[in-house]
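Some features that TrEMBL has for this protein:
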type: DOMAIN; residues: 69-282; note: domain 'ABC transmembrane type-1'
type: TRANSMEM; residues: 7-30; note: transmembrane segment
type: TRANSMEM; residues: 72-94; note: transmembrane segment
type: TRANSMEM; residues: 106-126; note: transmembrane segment
type: TRANSMEM; residues: 149-169; note: transmembrane segment
type: TRANSMEM; residues: 216-235; note: transmembrane segment
type: TRANSMEM; residues: 267-285; note: transmembrane segment
Amino acid sequence: MNRRKTYGAIAILLLPGLILYTIAFIYPAIQTIYQSFFDWNGIFNVPLTFDGLNNYREMLDNPNFYKSLKNVGLFIAGSFILILPIALTLALVVTSRMRGKRFFKVAFFIPSILPLTAVGLMWQFLLKSDGLVNKLLDMVGLSGLTHDWLGEPALAIYTVVIVNAWIYCGQNMIILSSGLVSIPDDIYEAASLDGANGFQKLYAITIPLMKETFKVFAVLAITQSIRVFGQVYVISGGGPNGATDVPTTLLYNEAFKFNNFGVGNSIGTFMIVAALVITVVMNFLTSPNKRSKKRGVKQA
């Protein structure tokens, strides 16, 4: 009886959060998937017309869709090439014994809490052809490096990826810091007694013991890259000529510019399925213990 009462109390405590999660996430996801099979212009009084898989065909026939997938790949690559090493370095700084680390922790984290609209407008101002970045390059005699950072199709997407890294380094610094502080100091002290230097401790102790934290980083980095929107839309609007388009900007344009909610919902459904599949695959690939147990059962 006591166990039943405990489970009942747990269920009652979890119920409000479960209801909110269902209303905020589960129901919209189901509605998106359902409406992806209908032709609808977004007007509530207009009935939905069943369209089968035509919305998905239209999505796949759009060349910008494949360009947007390539751009998502660049955002994912930027997460591992730029954000991970920078965030890890910042995490090592703010978890060290150096003076003023609290100031640096706040300073590094500020870009992550600023409104994306404000951040996008700031970088748009800095990176325009007559912006501060080009003026600084002119001042130091590097006029040959000046560009229209957001106006050149070949360069715009890399510019936005770098800005995205600047935004999220602080957030991932906090995630990686949680992994660093969970490592017992005794291990580092024992390594010091054995004569290990800082780099040897990093590669032999820190990185191996942070595998679970890196797993969290990888899942968040990939899912955030799939649903990136605000900074792209504000900085470049998906331009020039679709050079910085991502699935979310295509979704927005289809739904709210062209009143084609069916195709917009099909793109949203693709994003939901892609995020779920990638998360499941990442969990499987980064859980060697589960795989080894399955192999052991088969061998037995």
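Including glycine, each Cβ sits where the backbone N, Cα and C put it.
Bear in mind that TrEMBL entries carry predicted annotations, made automatically and left uncurated.
Sequence-distant neighbours of the transmembrane segment (72-94) (same chain, 6+ residues past either end, Cβ-Cβ under 8 Å): 101, 104-105, 108, 157-158, 161-162, 164-165, 168-170, 172-177, 179-180, 217-218, 221-222, 224-226, 228, 246-247. Using a Cβ-Cβ cut-off under 8 Å and counting only residues 6 or more beyond its ends in the same chain, the transmembrane segment (106-126) has close neighbours at 90, 94, 132-133, 150, 163, 166-171, 173-174, 230-231, 233-236.
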